[in-house]
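Below: one structure, written as structure tokens.
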Amino acid sequence: MAESWSVLDNFDPNFRPLVVIELAKGTKEETIEWFTKRIVDKKANGGAQLLVKPLVTENGDENIYLVGASHLRLLLGAETVGLVKECNDNSMRSFTYSSRKTFKDFADDNHNFLTIAECQYIIKHELENLRARDEKMVPGYPQAKLYPGKSIVRRLLTSGVLVQIFPLHDREELKKLRHSWYGRVKVGYQPLDEIRCYFGETIALYFGFLEYFTFALIPMAVIGIPYYVFAWEDYDKYVMFAAFNLLWSTVILEVWKRICAIMTYRWGTLLMKRQFEEPRPGFHGALGINPITGREEPVYSSIKRQIRIYLVSLPFVCLCLYFSLYVMMIYFDLEQWALDYHEENESNFSSLMLFVPSIIYAVVIEIMNRIYRCAAEFLTAWENHRLESSYQNHLILKVLVFNFLNCFASLFYIAFVLFDMKLLRQSLATLLITSQILNQFVESLLPYWLQKRQKKRMKKRMCSLKTDTDLSLVEQVNLEKEMGTYFGTFDDYLELFLQFGYVSLFSCVYPLAAVFAVLNNVTEIHSDALKMCRVYKRPFAEPTANIGVWQLAFETMSVISVVTNCILIGMSPQVNALFPDSKMELILTVALVEHLLLAIKFIMAFVIPDKPRDIQIKLAKLEFESLEALKQQQMKLAAESLKE
């Protein structure tokens with residue numbers, strides 16, 4: 001690989017811009033010169049060996065730079081980041097430049113061997129791994145301190161010199177993707193492979209899970225309609241529906257693991273080795289030595305972090321949970337007022353007023369969820385976690401706990417304190433439908449409308465622009481840099497998680513929940529596709545092998561649903577009639593059934609393999625071959641040492 005780097009030239013006559021770097025206006029010339037020099041310098045000199053071209057804006061400022069790379073540079077970068085590609089023998093192996101001829105569809109003149117998402121991921125990786133050598137500060141900014149091994153890009157971001165880095169859209173590829181994805185009305189599967197090639201594995205996995213979850217809801221919706229129509233008050237008939245729901249929730253999650261393994265094996269991310277995590281950009285502390293890498297980096301006491309978590313964050317979360325319960329009690333006061341008003345007037349208007357408290361409460365829940373999300377992000381950042389994975393796990397835990405209580409506490413209170421099944425059905429339906437409408441509006445329709453207004457203003461401004469630079473490229477970069485930033489799939493998975501809770505927790509009370517979930521998800525697929533292609537800046541691809549902690553979150557929700565449905569069935573008049581003399585026998589019977597169902601769930605989860613048999617064999621074969629290769633290498637080294 002070292003020999004390959006030495007022949008790599010920075011010049012490429014067919015420059016293809018892939019990534020945009022925006023510096024702060026008024027950035028000093030010496031800073032720009034130093035930073036761009038580090039980007040184009042050879043790897044041996046500590047550079048990234050990429051290609052950079054300034055983009056002149058309408059004001060003549062050169063604060064925007066386009067970054068690309070030669071074909072050879074991208075191939076060497078693919079080896080560095082450990083991309084896995086398909087070989088000629090249909091096996092999946094880590095790409096190496098020396099064995100490039102053994103990979104399927106590879107040719108020296110085939111610039112489509114690497115997907116555009118992979119190319120942009122490689123450039124991002126190389127930029128983030130630009131590290132200070134002997135510099136003590138960013139030239140021109142004495143307050144922006146540097147030390148050997150510090151990421152230059154992260155320091156420029158935290159000091160405000162670097163505004164943003166984002167991948168550029170490919171207009172032709174995006175047009176093709178939009179046409180096959182949501183550009184025409186059709187019934188069929190999403191083009192997940194094309195989505196993966198353009199946006200990367202993380203985005204493709206989310207849309208794959210959304211599509212799979214929507215199809216998995218159809219049996220629940222089909223069965224739920226006749227139960228709703230013909231057996232509204234007959235709770236003993238809901239026992240079979242609830243039992244089916246409990247088995248269904250287990251099977252779909254286990255089958256998803258298998259489908260996920262099939263997709264990620266085909267994409268190569270199932271085999272990618274986990275890379276060593278660098279400190280996240282917001283991490284700060286006194287300089288010290290990392291005992292693993294030996295590099296100098298910030299060090300922060302774990303005791304201080306634990307104090308912040310348990311003495312500040314935890315009490316704050318508990319206070320927010322208490323406030324959520326307080327708002328819930330206000331909602332029940334409004335429900336009682338609406339009921340009293342209806343009993344006094346008995347009119348069509350008073351009947352409609354019965355739904356007003358639930359609608360208001362649903363809107364308040366969404367507002368509280370979003371405000372709390374901002375507070376949770378601030379607190380988690382203040383806790384000063386070293387790794388991005390640790391930061392994400394603490395943030396997800398905070399948000400999930402609050403959202404679960406905020407969205408479902410009223411339903412639990414109605415079911416197990418008020419014992420009002422009619423109000424439970426009404427509240428569940430109102431909360432579900434209102435939250436779906438609000439999410440569609442806030443996440444897709446409103447940003448799309450704002451983006452269209454921004455695009456019209458930008459086009460008017462660009463019409464008066466006179467420059468020798470390619471007008472279409474200038475227009476595209478200026479449009480995209482003003483777009484909103486897509487912060488990942490967190491909110492999308494959270495919405496599906498809450499929807500799964502509405503469907504599974506109280507299925508025996510409101511079977512139509514699955515019907516509304518299916519209708520929402522069909523539109524969600526198209527609205528989410530629209531926002532990815534038209535509303536937000538293109539996100540960088542992030543290789544991933546699964547949906548991460550969300551798999552555990554969904555499985556936990558399915559376990560809770562077993563308990564809630566068993567208790568609801570045990571509370572029904574028909575079941576109570578079977579135990580007229582002893583409530584203890586009823587409780588013990590319900591507990592026994594609940595334990596049996598949980599046992600069946602865990603047995604099914606154990607029996608259904610996470611990976612199909614053929615993929616297990618392929619993975620085992622690759623592991624065997626890598627061990628044999630390592631053994632041969634060790635034997636060769638031993639033989640050479642004996643000769644000496």
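Cβ from N, Cα, C; glycine included.
Automatic prediction, not curation, is the source of TrEMBL annotations.
These features come from TrEMBL:
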| type | residues | note |
| --- | --- | --- |
| DOMAIN | 195-621 | domain 'Anoctamin transmembrane' |
| TRANSMEM | 212-232 | transmembrane segment |
| TRANSMEM | 238-256 | transmembrane segment |
| TRANSMEM | 309-332 | transmembrane segment |
| TRANSMEM | 352-372 | transmembrane segment |
| TRANSMEM | 395-416 | transmembrane segment |
| TRANSMEM | 428-450 | transmembrane segment |
| TRANSMEM | 496-519 | transmembrane segment |
| TRANSMEM | 586-608 | transmembrane segment |
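The stretches the transmembrane segment (309-332) and the transmembrane segment (586-608) are not in mutual contact, being linked by fewer than three Cβ pairs under 8 Å (pairs 6 or more apart in sequence). Remark: the transmembrane segment (238-256) contacts the transmembrane segment (496-519), by the rule of 3 or more CB pairs under 8 A.
If you count C-beta pairs under 8 angstroms between the transmembrane segment (496-519) and each of 212-232, 395-416, 586-608, the highest count goes to 212-232.
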